[in-house]
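Per TrEMBL, the features are as follows:
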type	residues	note
TRANSMEM	B:6-26	transmembrane segment
TRANSMEM	B:38-59	transmembrane segment
TRANSMEM	B:65-88	transmembrane segment
TRANSMEM	B:95-117	transmembrane segment
TRANSMEM	B:151-168	transmembrane segment
TRANSMEM	B:198-217	transmembrane segment
TRANSMEM	B:223-242	transmembrane segment
TRANSMEM	B:249-269	transmembrane segment
TRANSMEM	B:275-293	transmembrane segment
Amino acid sequence: MISFQRRSGSSLGWNVVCYSAAISGALLASAVLLRLSGGDPARAFTALIVGAFGSQGALLGSLAKATPLLLVGLGTVFAFRAKIWNIGQEGQVFAGAMAAYWVSFWIAPLPGWLAVCTLALAGMAGGGVLGLLAGALKTRFGTSEIISTVMLNYVVMYLLAYLLDGGPWMATGVTVSYHQSPPIDPSLEWPILLAVGAGKLHVGFLFALAASAFAAVLLDKTSLGYEIRAFGSNPTALTFRGTNVRRLLLTVMLMSGALAGLAGAGELFGVSHRLRAETLLGIGSSGIVVAMVGGLRPSGVMIAALFFGALESGTIYMRLKSGTPAGLVSAMEGLVLLFFLSAAVATRLQIVRREVHA
Amino acid sequence: MLELLQGPLLISLLAAMVRIATPLLFSAMGELVTQRAGIWNIAVEGTMLIGAIVAYMVASTTGSPWLALAIAILACAASSLIMSFVTIVLKAEQFVAGLALNLLASGVTLFWFQAYIGGREAPTFIGFDQVPIPYLSDIPILGPVLFSQRLLTYVSFLVPILVWFFLYRTKYGLEVRCVGENPKALDVKGLHVGLRQCLAIMFGSMMSGFGGAFLMLGYSDKFVPDLIAGRGWLVVVAIIAGNWMPFRIVGAIFIFAFLEALGIHAQVVGIPVPHQLFLVLPYVASLVLLAGLRSRTHQPVALGIPYNRE
């Protein structure tokens, strides 16, 4: 008789089997989805891969798309490792871009690098404050952060909608309203590190790399990192140890929101150069997927961010070449996440063969 | 603001409130049963979206809103099996499974919608029309507010009563509540915990899909990707704010619906305030409600905890 049993340790080989099966399963399910809607999976996936990795420019484009996902993903890791379910990344990305945009009115005379850092800090402050607000609602009123962060997403999005449509940040002088701000001061655009053809990589990529190193060290080597992990598994024990759990929760929400806010600022000053809802939409939720698929570990999140960044970057080419709707990528994100969730459970099991005595 | 409270406008405001609240009643009562069975399914938003897109595709292809409603509900029953598999069989974190399902639903619906319209103008359909009840609809104020609605709106008035009756007056309802409070007790009696949770998830998903499909078929003639716009989350808020009790949940939903109706009417009357301020009211109100109503006395004890024998 064959049955499953909880595994005591973890086995690298079995992990590889489970996660490879998850990737294959998700790709297969996406292909079925494509086939069902009358598309040609082989053509679409080929176009997707060429669009993501086919040239140096495409590769840079993928890295650029991976940048905000990595930042949001790392922020999510802090929260989820502590089992604090911050799912307000979407709003925190918006808040970061909005705060940085607001600050940009005041800092024109600052020299290059100082301006970049100020805008990055402003973005982190914007996202961080929104995260902190949800954290405070939890510590003060016991409001579930799952709910409050989602509700705050809507609040922030409607605030931006107002500011860009009839509000003070609306672009003027255009006959048709595009619900966007006027372009930012060109001297404030973030420097481009590398550019090949249409592929451009801005300085935010370095911030994301630095944040990855910071997150890895913080989680594994510091007492705050220990407390974050302990908060997730046994908050009561942490209280007995003398940790101020309220302050810990607020710190985690602040850091989590700040990284999402930095992603928003980077997209605004490094890529779009205008404040628009459409360019920011979806970064938060994709970042959550990246964090989960990356196994809530900074190194895993880097790989996952690259994978999903490539997916998003390849989409444009895929739509041109094979006419596949761009929505496929969001569907694939959901599928990959579900398959990885199942695989994560499977890695903790082992197959045992038992003798059945008659 | 005062002109909103006069005669015809007030009636229109209240009628809008009833119109907005009723699709949510289906979703909320379904989710209540799921949660009473101890499953913290936050995928209401995604399930409503699946119900809406399936209803849209069937209605605009066949022209039959009733067929569209039936198939949408079946599709949501099928999608609930994913949630059941991940939470009951694999015993993964329920919140995470729900989050995944929400993301999958928003992705799949966007993809289906784009693939379905394929570059042409999105096709429209004729949905449910108003069916005034004879005589009752002639009553002043109450008539136009309550009895000049769609057929399914009248059905939705009965849903909370039926769900209340099921939960508190039937053997099966008792078993569902027991699964959420003390699954071990049920297991010891030889009753299958997982099966009951699976059915509770399926019922919840079907009702969520019902709500989403009704929202699509009753009030719109074509799909837009942000059709549900957070209403599934408001349903979850209403359940917490209503302390897991059917009629309090109905109250919370009517508060959200009233605020949304107020927003629509404020735009019509032309009150010189940005209209986004009114659109955001239900979400702000939900935060205030949750901060204010902190009683969790009826929250199922085993809510969100996967049941493990041993």
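Placement of Cβ uses the backbone N, Cα and C atoms for every residue, glycine included.
All TrEMBL annotations are machine predictions without curation.
When the stretches B:38-59, B:65-88, B:95-117, B:198-217, B:275-293 are ranked by Cβ pairs under 8 Å to the transmembrane segment (B:223-242), first place goes to B:38-59.
Among the recorded stretches B:6-26, B:38-59, B:151-168, B:249-269, B:275-293, the one sharing the largest number of Cβ pairs closer than 8 Å with the transmembrane segment (B:95-117) is B:38-59. Of the two recorded stretches, the transmembrane segment (B:249-269) lies close to the transmembrane segment (B:6-26), with three or more CB pairs under 8 Å once pairs fewer than 6 apart in sequence are set aside. Beyond the transmembrane segment (B:151-168), the same-chain residues lying 6 or more positions past its ends with a Cβ under 8 Å from any Cβ of the stretch are 18-19, 22-23, 25-26, 29, 32-33, 36, 128, 131, 133, 176-177, 207, 214, 218, 246-247, 249-250. For the transmembrane segment (B:65-88), the residues of the chain that approach it from at least six positions outside its boundaries are 39, 41, 43, 47, 50-52, 54-56, 58-59, 94, 97-98, 100-101, 104-105, 125-128, 194, 197-198, 201-202, 204-206, 208-210, 212-214, 216-217, 306, judged by C-beta separation under 8 angstroms.
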